[in-house]
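Undergrad: Below you'll find the structure I mean.
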Amino acid sequence: TFINDSFVRPQGFYLAGFSSLPLVNVYLIFLSVVYIVTLLSNTLIVSVIWSEERLHTPKYIAVVNLAVTDICYSTTLIPQMIRAFLLKYNFVPYSLCLTQMFFAFTFASLESFSLAILAYDRLIAICFPLRQHYFNTVPKMTCIVFTAWIVCTVAIAYSVSLMNNLSFCKSTTIYSYFCDYAPVFRLACNDYTQQWVTAVVLSMLIIFVPLMFIICSYLSILTAVFKMQNLAGRHKALVTCTEHLTLVALFYLPILILYIWGFFFLAVDVDIRMLNLSLSACIPPLMNPIVYTLKTKEIMNKIPALFRIVKIMNKKFQKHLHFHE
């Protein structure tokens, strides 16, 4: 431990990980498979959209944004989960802990905003089809995506910077699989009320404002869908909306449960809390590619062509190697 100005900071923290979770090895294998499939599927989507100019539309800009966010979000958390399983007490230096906290919550916030951006795209397409080319253009969608990244980055950077005003003179063991905000706050021994309130307000703004927008958007979409005269079109739109809302629920429900539980000061088993959050972090990035893109004809028709290009490039590369040999 060292003292900087009037604040006592530890050299680092110990991550307790999943201390008593049953069937740990099974869950470890599950996480590894989820991570690999998430990386491959989202990378495939980004590659297909990037390589096909006809897919450079507002909808697919939003899809690429979600895929990139999913890759970053998964990479920030899932390897750390696996490490937490393998090592009972995992030491993380103080500066690295804050860095990990920043990236984890930035990409969690971006996941929330990305789902809201896709809801906006669907809202314009279904409720305002004749004005779609005015409200939802490529420059406007690009601007929306960049704004989301800037807002999330700045908000989380400020929240994490509040940690530097805390003194840590108690235990340095964090009961989580990563440097989670609330567990780290609870280790502080000085009054952190002001910092905590600020952090909670920012968290609610960047997590729950997009959620409210998503709910309002889909209420408007469902209203428009039920007014459709074409039964086949109505059924297709309802199935799509249901799939999208299922993904939104998979991401938000674990977070909402823990927020509500904590609001009433109810104790939650550490492993259950971590399992709840870990599923929220790994299942949506796995399912997003399937629901948002791999079921669409535009993407599926381009995947074989992309594999042919990769195969041709691989053959040329091998010929180049043989030529130099």
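Glycine is no exception: its Cβ is also placed from the backbone N, Cα and C atoms.
Fair warning: this is a prediction, and the values are worked out from it, not measured in the lab.
The domain 'G-protein coupled receptors family 1 profile' annotation in TrEMBL covers 41-292. As annotated by TrEMBL, transmembrane segment applies to 26-50, 62-82, 102-120, 141-160, 196-226, 247-268, 274-294.
Explain the structural surroundings of these features, please.
TA: Long-range neighbours of the transmembrane segment (26-50) within the same chain, counting only residues 6 or more positions beyond its ends whose Cβ lies under 8 Å from a Cβ of the stretch, are 18, 56, 60, 63-64, 67-68, 70-71, 74-75, 78-79, 81-82, 85-86, 278, 282-283, 285-286, 288-290, 293-294, 299, 302-303, 306.
Residues 28, 31-32, 34-35, 38-39, 42-43, 45-46, 49-50, 100, 103-104, 107-108, 110-111, 114-115, 117-118, 120-121, 141, 145, 148, 177-178, 278, 281-282, 284-285, 288-289, 292-293 of the same chain sit 6 or more residues outside the transmembrane segment (62-82) yet have a Cβ under 8 Å from a Cβ within it.
Within its own chain, the transmembrane segment (102-120) has Cβ neighbours under 8 Å at 62-63, 65-66, 69-70, 72-73, 76-77, 136, 141, 144-145, 148-149, 151-153, 155-157, 159-160, 178-181, 203, 206-207, 210-211, 213-214, 217-218, 244, 247-248, 251-252, 281, 284-285, 292, counting only residues six or more beyond its boundaries.
Sequence-remote contacts of a segment are chain residues at least 6 beyond its ends whose Cβ falls under 8 Å from one of its Cβ atoms, and for the transmembrane segment (196-226) they are 105, 108-109, 112-113, 115-116, 119-120, 122-123, 126-127, 151-152, 155-156, 158-159, 162, 181, 185, 234, 237-238, 241, 244-245, 248, 252, 255.
Tertiary neighbourhood of the transmembrane segment (274-294): same-chain residues 17-18, 21, 31, 34-35, 37-38, 41-42, 44-45, 63, 66-67, 70-71, 73-74, 77-78, 81, 108, 111, 118, 175-177, 180, 243-244, 246-247, 250-251, 253-255, 257-258, 300, selected by CB-CB distance under 8 Å and a gap of 6+ residues from either end.
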Undergrad: For the domain 'G-protein coupled receptors family 1 profile' (41-292), provide the mean pLDDT of the predicted model.
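TA: Overall, the domain 'G-protein coupled receptors family 1 profile' (41-292) comes to a mean pLDDT of 84.
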